[in-house]
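A short worksheet on the structure shown next.
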Amino acid sequence: MAKDLDVQEGGAPAPSRDYADPPPAPLLDMEELRKWSLYRAVIAEFVATLLFLYVSVLTVIGYKAQTDANAGGVDCGGVGILGIAWAFGGMIFVLVYCTAGISGGHINPAVTMGLFLARKVSLVRTVLYIVAQCLGAICGCGLVKAFQSSYYTRYGGGANELADGYNKGTGLGAEIIGTFVLVYTVFSATDPKRNARDSHVPVLAPLPIGFAVFMVHLATIPITGTGINPARSFGAAVIYNKEKAWDDQWIFWVGPMIGAAAAALYHQFILRAAAIKALGSFRSSA
């Protein structure tokens with residue numbers, strides 16, 4: 001088992017812990033389809049995404065209703081953009097905490113794709129997770145419409161759309177950078193090397209992930225309403241089903257997937273220097 005050495009101030013090596021990177025997940029593991037643990041994880045992703053969309057979209061609609069002057073609302077009513085950002089970030093914190101030990105707590109196709117590109121999950125699990133997340137998002141938004149039918153369409157159904165005054169390139173860039181921040185945080189918070197060194201890291205992992213979602217929402221709600229989660233945008237568009245939401249839908253898939261891929265490559269090949277390690281192993285065996 002390989003050992004990583006930390007360096008203290010002054011150049012002296014710090015005490016180290018035995019550590020080895022876990023092996024990469026198989027690209028296509030058909031044996032997973034026979035395991036109950038896979039289906040339990042898929043169900044957890046479905047339910048978590050359903051709850052995420054239900055609470056967050058209700059928060060958005062409630063805020064718009066409370067600030068609608070035509071319905072007796074006031075400009076400073078409701079939770080405000082800050083409250084919406086807290087709703088999204090807080091729900092991610094809670095749901096990642098609840099499901100991390102079962103499914104990994106992805107709740108986002110972009111996160112799943114980033115972890116797949118880093119060989120953390122197999123292709124089979126990736127496909128099933130993304131399907132479950134999208135179905136969960138549709139059902140979550142469907143519940144919102146069922147319970148708030150009079151408000152749902154009137155206040156936009158919580159659907160992501162490019163805001164007036166911004167071009168599609170700006171929206172795409174916002175989604176790429178926002179998703180990069182999120183997926184980069186996921187990799188950093190769940191890095192097994194850090195877990196081996198610091199026993200508190202696995203317990204705290206949901207906190208920075210939820211906080212990253214909160215911060216990105218503060219920055220990008222005025223631009224795109226903040227997607228950074230293709231399932232969240234897709235589920236809202238399916239139930240809202242208006243032309244503008246569908247016209248802009250590609251931004252909320254292409255942007256997050258590019259951002260997730262960039263974060264995976266940055267973490268694996270720059271921060272963790274996977275390519276250099278592989279080259280070193282090749283030279284030592286030559």
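Placed from the backbone N, Cα and C atoms, the Cβ positions cover glycine too.
Residues or ranges marked as region 'Disordered' in TrEMBL: 1-23.
According to TrEMBL, the feature transmembrane segment maps to 38-61 (among others). If you look at the transmembrane segment (38-61), the same-chain residues 6 or more away from its ends with a CB under 8 A from one of its CBs are 32, 79, 83-84, 87-88, 91-92, 95, 98-99, 102-107, 124-125, 128-129, 132-137, 139-141, 143-144, 148, 151-152, 155-158, 231-232, 235-236.
The annotation transmembrane segment is assigned in TrEMBL to 81-102 (among others).
Sequence annotations record features per position, and here TrEMBL assigns transmembrane segment to 123-147 (among others). Only residues 6 or more beyond the boundaries of the transmembrane segment (123-147), in the same chain, are considered here, and those with a CB under 8 A from a CB of the stretch are 25, 27-30, 32-33, 38, 41-43, 45-54, 57-58, 61, 103, 106-109, 112-113, 115-116, 157-158, 230-232, 234-236, 238-240.
The transmembrane segment annotation in TrEMBL covers 171-189 (among others). If one looks beyond the transmembrane segment (171-189) by at least 6 residues along the same chain, the residues whose Cβ comes under 8 Å of a Cβ in the stretch are 108, 110-111, 114-115, 118, 162, 201, 204-206, 208-209, 212-213, 215-216, 219-220, 223-224, 226-228, 248, 251-252, 254-260, 262-264, 266-268.
Taken from TrEMBL, the feature transmembrane segment applies to 201-223 (among others).
Here the transmembrane segment (250-271) has Cβ contacts under 8 Å with residues 108-111, 113-115, 117-118, 160, 162, 168, 171-180, 182-184, 186-188, 224, 227-230, 233-234 of the same chain, all six or more residues outside its ends. Summarising the annotation, TrEMBL assigns transmembrane segment to 250-271 (among others).
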